[in-house]
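Novice: Structure incoming, see below.
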Amino acid sequence: MAKPSGSEEISVVVESENTDSALGATKSDEEDSSPKKTSWCTPKWLLFLFCVINMLNYIDRGVIASTGVNGTRRVCNASGECIPGKGIQGAFNLTNFQDGVLSSAFMVGLLIASPIFAFLAKRHNPFRLIGVGLLVWTLATAGCGGTFNFWSIAVCRMLVGVGEASFISLAAPFIDDNAPAAKKTFWLALFYMCIPVGIATGYEYGGLVAGHLGWRYAFFGEAIVMLPFTLLCFIMKPLQLKGFAPNEATSVQTVVLEVCEVIITEVPDQAKDAVNISSGEGQSNKKTSEKKTPLSKRAINQISRIWKDLKVLLLDKVYVVNVLGYVAYTFVIGAYSYWGPTAGADIYKMTNADMVFGGITLLCGVFGTLAGGYLLDRVTSTIRNGFILLAAATILGGICCFAAFCFKSMFGFIPFFALGLLILFAAQAPVNFVCLHCVRPSLRPISMAISTVAIHLLGDVPSSPLVGVLQDHIHSWRKTALILTSIFVIAAAIWFGGIFLHSVDRYSEEDNATEPLAGENTVERLDHHPQVSES
């Protein structure tokens, strides 16, 4: 209604007479639409499901690095006679540089897609996002088996990282939500224990399948095994993450407090009031206007939300200290996994360095990771106790590894190095526990995503080439290994500083107020409306 000239407005907020009934209906609707697990999907089954998927992810890491799948280049002698190459490198006649690119190409997709999936979790069901990621992973892995040149397999390896990104950033929060209160860190330890087991299994599986059927079938086999788990994420009723409101609940929330704004326009000449009530029509007009919102404006709004979440994380001292320590820790562990066999073969003249380091990593990874999770639960899983365990494990493990490289005999090196790795792997579960519990529940996916990006981008990705450069200058693997191991002191010092920070476990912070999905309309509460005023 047009407003006559000279008129005055009185803005009145009227609560609908049906508010009580609406509230009652809403509660029942929310109960009906609340996330319910299927009868068979108990917390233990969910943990088993995620552990198998995580192991398959890391089996793929082992497969691409295994001797049978990775292969060797074609070798030609001076007379022109050539010995055919094997595996991927032989099939596409790759240079060593190209071969190295393939081993780390998945990192590109992982680093780019991890934050994206974490932000999408605010608008879409996180469990379904895992299904989408696993579908990309399955198709990309099968694609690796059908590739025809370097660029085709490089692109497929990047897409494998994209698929893995959804799982890496969202699985840990799901486990944290479903684990018993007294075993949260131990359940995380079971999940991360699958990393060394998966890599070691991938070495054996890749060599076995490539030796009998060919390297392409190793990738086809992975895709076939992952497919049922991918379909399961789409078929079963989607689970919800703590801190994220389901779509149904969000749509219902618009009915909870139905408020009508009554604008009374005083018309002196006609001596009567014209009342304009805006309710449902206003909401539909708002929705229509939202649909017409320019793409550029929506993009700016999304970037604004992303920056807001990132700013919260970057200003959280507990989170930053935890991730910085994790970066320094991963820098050394990553270099160990890549250069360890080479250094061992050079220093101690090992004839089977791959088997020695592989076996040590597998056993210490399994028992050390489980021990770290169990120990933190036993002493009460708090953030402060997590930092204490992280600092202690890193400094003690680092001392053992440093002492190991000082031995001139292999028989002195192996027990000390194994003990050091056993203690060091105890940090895996506590560091992720701190990442999950130092932020509010709705920020856990992005917390895990940024942590993953940081430890790879600043940790294990640059550490291998930098250690190679150091070795080229020093020409002594013993000195290089000792310098590398000393970086554990930096990691321990950073985590030790975290003990003295004021830390609050924010897991229960949003128990009574879940965060609405990004882009959804929120309902203004009565106390947010202006009071009745007279002119």
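Each residue, glycine too, has its Cβ placed from N, Cα and C.
TrEMBL entries are annotated by machine, without manual review.
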Novice: From the ranges 74-95, 514-535, pick the one that TrEMBL records as region 'Disordered'.
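Specialist: Going through 74-95, 514-535 one by one, TrEMBL gives region 'Disordered' for 514-535.
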Novice: At least three Cβ pairs under 8 Å linking the transmembrane segment (187-205) and the transmembrane segment (481-501), pairs spaced 6 or more in sequence?
Specialist: no
Novice: Any chance the transmembrane segment (355-376) and the transmembrane segment (416-439) have 3 or more Cβ pairs under 8 A, given the pairs are 6 or more apart in sequence?
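Specialist: When sequence-distant Cβ pairs are counted, the transmembrane segment (416-439) touches the transmembrane segment (355-376), since at least 3 lie under 8 Å.
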Novice: Using a threshold of three or more Cβ pairs below 8 Å, and leaving out pairs closer than 6 in sequence, do the transmembrane segment (481-501) and the transmembrane segment (388-410) count as in contact?
Specialist: yes
Novice: Looking only at the domain 'Major facilitator superfamily (MFS) profile' (46-509), report the model's average pLDDT.
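Specialist: Result for the domain 'Major facilitator superfamily (MFS) profile' (46-509): average pLDDT 85.
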Novice: In the same chain, which residue numbers or ranges, 6 or more beyond the ends of the transmembrane segment (416-439), come under 8 angstroms Cβ to Cβ?
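Specialist: Contacts of the transmembrane segment (416-439) (Cβ under 8 Å, skipping residues fewer than 6 from its ends): 172-173, 176, 184-186, 188-189, 192-193, 195-196, 312-313, 316, 318-319, 322-323, 325-326, 329, 333, 336, 360-361, 363-365, 367-369, 371-373, 375-376, 381, 383, 386-387, 389-390, 393-394, 396-405, 407, 447-448, 451, 488, 498, 503-507.
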Novice: I'm a bit unsure how to read this: which one of 45-64, 101-120, 217-236 has the highest number of Cβ pairs shorter than 8 Å with the transmembrane segment (127-151)?
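Specialist: Stretch with maximum Cβ contacts: 217-236.
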Novice: Could you check whether the transmembrane segment (45-64) packs against the transmembrane segment (157-175) - three or more CB pairs closer than 8 Å, residues at least 6 apart in sequence?
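Specialist: Result for the transmembrane segment (45-64) with the transmembrane segment (157-175) is yes.
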